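Novice: Feature list, courtesy of Swiss-Prot:
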type: BINDING; residues: 127-180; note: ATP binding site
type: BINDING; residues: ASP249, GLU262; note: Mg(2+) 1 binding site
type: BINDING; residues: GLU262, ASN264; note: Mg(2+) 2 binding site
type: DOMAIN; residues: 100-295; note: domain 'ATP-grasp'
Amino acid sequence: MRILLIAGGWSEERDVSLSGARGIHAALERLGHQVTLFDPCRTLAGLLEAAQAHDFAFLNLHGQPGEDGLVQALLETAGVPYQGSGPAGSFLALNKAAAKEVFVRNGLPTPEWVFLPAHPGADWEPPFAFPAFIKSNNGGSSLALHRVSCPGELARALDELFTRGGEAIIEPAVEGVEVTCGVLGDEALPPILIRPLGAGFFDYASKYTPGQAEELCPAPLPGEVTAKVREYALRAHRALGLRGYSRSDFILTPAGALSLLEVNTLPGMTATSLLPQEAAAVGISFDGLIGRLIELGLAAHGKQQEKA
């Protein structure tokens, strides 16, 4: 097939997107496809025409545009199938505050939060005790994620976040280990337990620098905990109206309680990314994962794959 690989964009996660795109590009060619890279580095001008000249679009955008549903909406307009979730589910999952409302309504445990549409002022404090995490309401890859332990740190973090623009969300820091679990098709994959080796939490450097975090897959957890993680990941995927694949991030407390943090609709696809590790744990190679995502994308759009 003629595949348009859409990567790059103008968000702060541009470099991560392009890094992952290199591996995806190679995998698509190994699978026999003709691949063209489209990088909407400043605008989406030309995307509609480029997509219509191809049989399929493979998205590897992070943040905005891409995870917010805009590119998906344009592809729907072009009538070109693509992998992953549609416009509505993508927008909902990227908006962390809105997604947490969905979690609560569907009985999925998530830390309490305060949504900040604008800077609340230098003297503002949250209605819960420190420490807390404050982050962009519409970003990913742990960019602009701050752990704050006092009013002074909070004030500095707020200034930095709102200098970048956009919205923020703050929630109490739940102590425990980080666990992530992907969904592929209609099944949850084996979860991964994450132990950052430098930072106290899974920040941007830990996520994308080899050797900065210990990632254990399958996670060495009791069977009932593993089952609950997979159940919650699948429930969150369905509650948000997602399709194809996703990855849910959790905190597991020392008492064994789970807190759902967020759901990613376009999980990372770099050499250190989590979803490919989970797929490998059930015997799916990286190329096999890319091929499966294409199959799921075609099926979601009522298409069948022809020979490459």
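The backbone N, Cα and C atoms fix where each Cβ goes, glycine too.
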Novice: ILE134 (ATP binding site): which of the binding-site residues ASP249, GLU262, ASN264 is the nearest Cα neighbour?
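Specialist: Closest candidate to ILE134 (ATP binding site), judged by Cα separation, is GLU262.
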Novice: Per-residue pLDDT averaged over the domain 'ATP-grasp' (100-295) comes to what?
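Specialist: Summarising the domain 'ATP-grasp' (100-295) by its mean pLDDT gives 92.
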Novice: Indicate whether ALA155 (ATP binding site) is helix, strand or coil by DSSP.
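Specialist: Looking at the DSSP assignment, ALA155 (ATP binding site) belongs to a helix.
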Novice: Output the one of PRO127, GLY176 that, of all these binding-site residues, has the highest number of other Cβ atoms within 10 Å of its Cβ.
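Specialist: For the binding-site residues PRO127, GLY176, the Cβ with the most other Cβ atoms within 10 Å is GLY176.
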Novice: Whole-number Å only: compute the distance from the Cα of PRO127 (ATP binding site) to the Cα of ASP249 (Mg(2+) 1 binding site).
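Specialist: One finds 24 Å between the Cα atoms of these residues.
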Novice: Are there binding-site residues among ALA155, PHE162, ASN264 that sit within 10 Å of ASP249 (Mg(2+) 1 binding site), Cα to Cα? If so, list them; otherwise say none.
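Specialist: Those near ASP249 (Mg(2+) 1 binding site) - Cα within 10 Å - are ASN264, in sequence order.
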Novice: Work out how many Å separate GLU262 (Mg(2+) 1 binding site) and GLY176 (ATP binding site) at their Cα atoms, rounded off.
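Specialist: Distance between the two Cα atoms comes out at 16 Å.
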Novice: Which one is it: of the binding-site residues VAL148, ALA155, PHE162, ILE169, GLY176, whose Cα lies the shortest distance from the Cα of ASN264 (Mg(2+) 2 binding site)?
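Specialist: Looking at Cα distances from ASN264 (Mg(2+) 2 binding site), the smallest one goes to ILE169.
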Novice: Identify, in sequence order, the residues in the chain of VAL148 (ATP binding site) that are 6 or more apart from it along the sequence and have a CB within less than 8 Å of its CB; answer 'none' if there are none.
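Specialist: When sequence neighbours closer than 6 are ignored, VAL148 (ATP binding site) has PHE130, PRO131, ALA132, PHE133, ILE134, LEU154, ALA157 within Cβ distance under 8 Å.
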Novice: Where's the emptiest Cβ shell within 10 Å among the binding-site residues ILE134, PHE162, ILE169, ASN264?
Specialist: PHE162
